[in-house]
Amino acid sequence: MGFCRKFSSSVDARQMFGEMTKRSLYQWNTLLKSLSREKQWEEVLYHFSHMFRDEEKPDNFTLPVALKACGELREVNYGEMIHGFVKKDVTLGSDLYVGSSLIYMYIKCGRMIEALRMFDELEKPDIVTWSSMVSGFEKNGSPYQAVEFFRRMVMASDVTPDRVTLITLVSACTKLSNSRLGRCVHGFVIRRGFSNDLSLVNSLLNCYAKSRAFKEAVNLFKMIAEKDVISWSTVIACYVQNGAAAEALLVFNDMMDDGTEPNVATVLCVLQACAAAHDLEQGRKTHELAIRKGLETEVKVSTALVDMYMKCFSPEEAYAVFSRIPRKDVVSWVALISGFTLNGMAHRSIEEFSIMLLENNTRPDAILMVKVLGSCSELGFLEQAKCFHSYVIKYGFDSNPFIGASLVELYSRCGSLGNASKVFNGIALKDTVVWTSLITGYGIHGKGTKALETFNHMVKSSEVKPNEVTFLSILSACSHAGLIHEGLRIFKLMVNDYRLAPNLEHYAVLVDLLGRVGDLDTAIEITKRMPFSPTPQILGTLLGACRIHQNGEMAETVAKKLFELESNHAGYYMLMSNVYGVKGEWENVEKLRNSVKQRGIKKGLAESLIEIRRKVHRFVADDELHPEKEPVYGLLKELDLHMKEDLENCVYFEYEGDSL
């Protein structure tokens, strides 16, 4: 009767099917295939069940359709029931099509053990079945098993991997972040003659990019004759991920010159590059491009624009984009709130968080709470900290170790080490971040001994190992407390026992540690021996130490190098001016001041905030508009006199140098 050809839709087919008094197996199969084409999986299983009630036995055409429906609906129990039916029939049990469909069903339901068992029962699995198994392991979070199964496939004499199998294999290598394995697969691809398959080559490019094989990715990209938008976007992302944002923007310009139209992924990568390079001009051009292509309304693009403008220090433009987002998600709020804090506007971060809760009914996630607690830390208001702590407990975030660490840091910044310690003790699973937060808190308040006790307790009484950040915190704590011998011991411990390579920040703290006690010669020697060129931060620390210990000759040497690296930093000129002033070299003081004026260098406006009785008071240097300026300046003069008296009574101590 031409049942299959007569009806183009499953609705017509079902209507006609329902009017039949007697149905053949062919008609049942036709109906199920029609429903499958339209992805009406529930209907497939519903009619499959009715087929049994009509005592119509399914065949090797019926069962694969039903098993596909089970896989799509993750109905593993139903699928196992069908598997039981198949086992009772020798003909169906040996059918490759039915066996492959059972494997597909188990893979879709995440049951790889059953899928593997079923695969091993097949007499001669074809390339599709082999590829399904490789894909199944890769998609179910077992990339290593996917690679091992591919090895088994290659060893089989009766099957040859195709491009689909290889793309899946490359995806597994990408998830493993194994560039060495990626290179092996790349060689296999070339030997098998797939080197001109653009989809496969793009997958390899993505593998190299995400495995930090930067040179291999760039070289492969250059070898692609006909690059598409995926090729360009992948290599742009690779440059960004490897800290080469400026180069990423140059590649994007090459892409535009090549005539390749960017897509959403390209725009997102370029915006990340603009943010990392702080390239506001290119960011604005990319924004215009997004508007022309109608992409600005997509929440991912809008959020990336907010992030870019914030990191390019243009919060006004960031907020303008944010206000136009029709449906703001929690990621958008994270970009806005963290962006305001980055731009020194932590108070705006708190305000926007309140607006989010009251007006937008958006519930924050753990990431947003960490950002908000960070904003609160910048302000250092204790009462506000307690309010946020209550919010954290109310919404069940207190068990999150990252939020716990943020609370420890928050209370420390607010001067409440007691509350910081209570939060720390209440965290059941303390990781490195939590331990480091408490050590940092003690260090901020000059409690170096307590910081050392906490560090030693961490090392001896827990399974948590200190990382680079932990060592930076404990070194800073030792520096602030003048614990020179302990600081040097910690530095050696990091290098010799934990085999951690010090970075520039570690060396900066080490120089500060030596500079505070006047061991300037050793500090200079450290800057010469370290595997990095001295940064302005390190040289500025040295210059400050030279001023404190009145070493004018060394100060001039350091300042010369410092001004070459950063010639527009007002603070460094002030330091050198103070050195000359102490020596009575007023001509040099005048020369420096004239140089600052000629360069148009201005010192940033100093500002202080203090919270008293839940009210925030803001003080600005040389402020003549404060309503209580007279008592404020009177108190400052009185404090200044007390500080001078204390300074005169200070006891200085000598330090006997320790070798590194």
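Including glycine, each Cβ sits where the backbone N, Cα and C put it.
Per Swiss-Prot, the features are as follows:
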- 538-613: region 'Type E motif' (REGION)
- 614-644: region 'Type E(+) motif' (REGION)
- 24-58: repeat 'PPR 1' (REPEAT)
- 59-89: repeat 'PPR 2' (REPEAT)
- 95-125: repeat 'PPR 3' (REPEAT)
- 126-161: repeat 'PPR 4' (REPEAT)
- 162-196: repeat 'PPR 5' (REPEAT)
- 197-227: repeat 'PPR 6' (REPEAT)
- 228-262: repeat 'PPR 7' (REPEAT)
- 263-297: repeat 'PPR 8' (REPEAT)
- 298-328: repeat 'PPR 9' (REPEAT)
- 329-364: repeat 'PPR 10' (REPEAT)
- 400-430: repeat 'PPR 12' (REPEAT)
- 503-533: repeat 'PPR 15' (REPEAT)
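If you take every residue in the repeat 'PPR 1' (24-58) and average the pLDDT, you get 88. Sequence-distant contacts of the repeat 'PPR 15' (503-533) (same chain, six or more residues past either end, CB-CB distance under 8 Å): 468, 471-472, 475-476, 478-479, 482, 484, 487-488, 491, 494, 539, 541-542, 544-546, 548-549, 551, 554, 655, 657, 660. Counting residues per DSSP class in helix, strand and coil order gives 23 helix, 0 strand, 8 coil for the repeat 'PPR 15' (503-533). Within its own chain, the repeat 'PPR 2' (59-89) is flanked in space by residues 25, 28-29, 32-33, 36, 39, 41-42, 44-45, 48, 51, 95, 97-98, 100-102, 104-111, 118, which lie at least six positions past its ends and keep a Cβ under 8 Å from the stretch.
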